[in-house]
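Following: one structure in structure tokens, then a few remarks.
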Amino acid sequence: MEKKVKALSHLYVTVFLSGFASFIVVPAITDVTMFALCPGTDECSLAIYLSGFQQAVIGVGTALMMPLIGNLSDQYGRKSLLTTTTNYFYAYYTLRTLTAMISEGSINCLALAYLADNISDTQRASAFGILAGISSGAFVFATLAARFLSAGSTFQVATFVSMLAVVYMRIFLEESIPDRNDGMTQPILKETEGVIQKDGNVDTRKMPVFKTIPSLKDIIRLIKSSPSFSQAAIVAFFQSLAEGGMICSIMYYLKARFHFNKNQFADLMLIAGIISTVSQLFIMPLLVSPIGDGRLLSIGLLVSCLNSILNSLAWSAWVPYAATALSILMVFTTPSLRSIVSKQVGTTEQGKAQGCISGVTSLANIIAPLIFSPLTEAPFHFPGFSILCIAITSMIAFIQSLTIGKTPSNSRDENCSNSMEV
């Protein structure tokens, strides 16, 4: 137990450092983009469409890469794949679009799989919440640093910290490859051929890489492996569609409507980050046991919808600040969803499952800017129209989440794969 706690502590530090490096440049990037494309103005259609295009291209890459990375981590270990993806972590605009196709979301995907390797079913929702809290903590410190650093310095700091994350992880984090001889688990996807060793075990790490790549058929089979997994995938799609729409719209909306700048964006993010960190680290673990991850998911989605409605109707600059208070419940969504997903597969397929859901969310991120970026310029006078449409999308996810209900654990169900045989 002590060994596992130590391993998880190193995982948390790795996630914190990599998250810090990623988040520190977020408050500055809107001003940098606006200055480069439309200097001296607070509204710029070109910036909105260019950012949306970049988000869509990155989404195409991550939708293809996340199932592959998750599957490879089941074969070769979480640490090995974390090293590969973290090395790609820093670059913006010219190189970021290409590098983010590999790194975007992979740190979180592999960290979730690593946690699932070391945490029992009953504790996963709390553990995932703590992991999300660590990420939120990185967001807080990064945003606070961005508030006082110049735009140029933030990118230099991001470079250094991302490199530090790689070095720390390589030195301290132990590898995590599930025991494939565990008779308590049954795989959902077909087993691949490996190298038979002298002791009779199969060493999949010696297989050619391309034999481990999941096909589209494998991914569809995984999504259909249980009703709860299918429902969770649908929720993940609409929730990420709303989240992606908010990412590509909210900053440009606030800049156009209330003339927000880098410092105001940082203040807004800082408030939301502090609330999210406290909620995920301390409140969510207390609520998981009595309420359950299914209900926490629904609560988070409903409050996300209310948050979008408030922002769309914002009549003063203080309204977006007040709306951030809802983050205390909104942040339940992702950890609860990931916990539900992790319970639908065995220990040898956590990477596949988390990678599959990451692929679904990336698909939503492809579509989001294509839908919501044009809506920022509605044919009638309603500045927050795109944000209201995002609220409707969140409501669809909330309604779908109600069908998941109480999610049973299938990780030890020996009959799980009987209907999935190839």
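Just so you know, glycine gets a Cβ as well, placed from its N, Cα and C.
Feature list (source: TrEMBL):
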type	residues	note
TRANSMEM	12-34	transmembrane segment
TRANSMEM	46-70	transmembrane segment
TRANSMEM	90-115	transmembrane segment
TRANSMEM	127-149	transmembrane segment
TRANSMEM	155-173	transmembrane segment
TRANSMEM	232-253	transmembrane segment
TRANSMEM	265-284	transmembrane segment
TRANSMEM	321-341	transmembrane segment
TRANSMEM	353-372	transmembrane segment
TRANSMEM	384-404	transmembrane segment
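Only pairs six or more apart in sequence are counted, and the transmembrane segment (232-253) with the transmembrane segment (384-404) gives three or more Cβ pairs under 8 Å, enough to call it a contact. When each of 127-149, 155-173, 321-341, 384-404 is scored by its Cβ pairs under 8 Å to the transmembrane segment (265-284), the top-ranked stretch turns out to be 127-149.
Remote same-chain partners of the transmembrane segment (321-341), defined as residues 6 or more beyond its termini with a Cβ less than 8 Å from a stretch Cβ, comprise 112, 124-125, 128-129, 131-132, 136, 228-229, 232, 235-236, 239, 267-268, 271-272, 275-276, 278-280, 283-284, 287, 293-294, 296-297, 299-301, 303-304, 306-307, 310-311, 314, 353-354, 357, 404, 407. Listed as Cβ neighbours of the transmembrane segment (384-404) (distance under 8 Å, sequence separation of 6 or more from its ends, same chain) are residues 228, 231-232, 234-235, 238-239, 241-242, 245-246, 249-250, 253, 257, 294, 297-298, 301-302, 304-306, 308-309, 311-314, 340, 371-373, 375-376, 378.
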